[in-house]
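Record features, source TrEMBL:
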BINDING   His79, His117  Fe cation binding site
BINDING   Cys85, Cys88, Cys125, Cys128  Zn(2+) binding site
Amino acid sequence: MAVGQRTTRQREAVDRVMAQSEEFRTAQQVHELLRARGDQVGLTTVYRTLQAMADAGEVDVLRTGDGEAAYRRCTSEQHHHHLVCTGCGRTVEIEDPDVHAWTQRIGAQHGFHDVRHDLEIYGVCEECWARG
């Protein structure tokens, strides 16, 4: 857990679920996993904990097709992007310095400073494509 966050039983339970998952999960999915394991953690607490973990850089966040936030434990310490399969949800972390350079150049061309970006690329993975 991030510095300054109180360590509670509920926060530790959410942290364990996130540490054991390689997939992006919504707060609702995390809540359901916790309930299935017998952990009594309220949905509001799950939302707050995941947001705190995101703010601390402990988890990555992306938006699902319906706009809901989904979270996954960060595996890269550096700024990165995600390539996400719209069929199965498989996610690949990608790093490309050209994207960073492009965003900085575009920002400068338009007189912007302190330019930041988030980029998620969606497509269909080879396995889902083969299944049709």
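Cβ coordinates come from backbone N, Cα and C, glycine included.
Around His79 (Fe cation binding site), the same-chain residues six or more apart in sequence whose CB sits under 8 Å from its CB are Glu95, His100, listed in sequence order. Using a 10 Å Cα-Cα cut-off around His117 (Fe cation binding site), the binding-site residues Cys85, Cys88, Cys125, Cys128 reduce to an empty set.
Sequence-distant contacts of Cys85 (Zn(2+) binding site), defined by Cβ-Cβ distance under 8 angstroms and a gap of at least six in the same chain, are Thr91, Tyr122, Gly123, Val124, Cys125, Cys128.
Put plainly, the binding-site residues Cys125, Cys128 were compared by Cβ crowding within 10 Å, and the winner is Cys125.
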